[in-house]
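**Q** Could you have a look at this structure, given as structure tokens, before my questions?
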Amino acid sequence: MKNLNIGMIGYGFMGRTHSNAYSQVNHFFPLKYKPVLKAVCARDAEKVRSFADQWGYESVETDWRKVVERKDIDAIDICTPNNLHKDIALAAAANGKMVLCEKPLSMNTAEGEEMVAAIERAGVPNTVWYNYRRAPAVTLAKQLIDSGKLGRIFHYRANFLQDWTISADLPQGGAALWRLDAAAAGSGVTGDLLAHCIDTALWLNGSITDVSAMTETFIKERKHTLTGQIEKVSIDDACTFFCHFKNGSLGLFESTRYARGHKALYTLEVNGEHASLKWDLHDLHRLQWFDHGDEGIVRGWRSVHVSDGDQPYMKNWWVPGLQIGYEHTFIHQVADFLKALEEGKPCSPTFREALETQKVCDAVISSAKERTWKTIES
Ligand code: SOE
């Protein structure tokens, strides 16, 4: 087995999901590469040391530039707030490192284009962590759509609903709350939550050609953790958009952090000529399936428990009937990345593919701002 030395920059919630994935992957997937937790980097020396001890990283750094230059690191994992993605990716590529970047790829399309150019110029393996594609039930949806079982697709519908920012007392900015600060995040729910829905939609249903969106910022001012001042909130708290897909189907997407009672409800539904399917993150192991070709007297929605060894990813886990969870979607992404490396193939979504999601996000934000339809430039 060949070691793949990981240098992870950032260590928040995503740092944990990625570290867990690197640690677990070789226990379950037969692969030629083995990730080694070589270094983790963050500005707070004490906190990053404690993270390294908890997860088993061999060393710590407090300056990301040192990590990207280290000769003993093969791959850089970017888990920082979005405003650092570009600089780190560019430096990593210049140093010939592979790059795994947390979603969304960038703050905006212009940055994303620079990142794609740098990565492709360097010719380094790359991927963006859009993990929900790798829930076995979502992967099964892809198989069913690609096999033509749904026939012509008419509708694609997705929601990502949360409720954690309803309190006006919640500050913006700083360690945990950078997602509320446009300077660190780029956008609000569009880049944070709808980006997931868009990535899955592009993967399942193909390109989006144009969008019409509305956004709202319900709490207009919040205290900024870094300045201590009350400052304008510039992120979108909620976003809804319509779109056309290139295959002629219609899309409807909604995301908010103000849906009281919903913590992380990602749902999607696809309606085709012959069949429909539905998926719900809170019941992530099930794919709801309706097949109009079924015999009339038993025709109805089927709830497929995606745990059989014939189903995507499942042969690597337990015995049929036993399920896996959220953290496994990240393990699958690492497994796919390592397998792609072994085979000299790209691991989807690459930076270039994730740039498509970024373009849709940008079009959504500008459509809402200008109250007009926006075409996605390909
Ligand atoms: C935000 O609350 C968040 O953690 C996103 O940043 C993740 O990408 C999403 O998967 C869950 O929600």
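Cβ from N, Cα, C; glycine included.
Residues or ranges marked as domain 'Gfo/Idh/MocA-like oxidoreductase N-terminal' in TrEMBL: 4-126. The annotation domain 'GFO/IDH/MocA-like oxidoreductase' is assigned in TrEMBL to 140-277.
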**Q** Average pLDDT across the domain 'GFO/IDH/MocA-like oxidoreductase' (140-277)?
**A** 97
**Q** Counting each residue once, how many in the domain 'GFO/IDH/MocA-like oxidoreductase' (140-277) are helix, strand and coil under DSSP?
**A** 31 helix, 52 strand, 55 coil
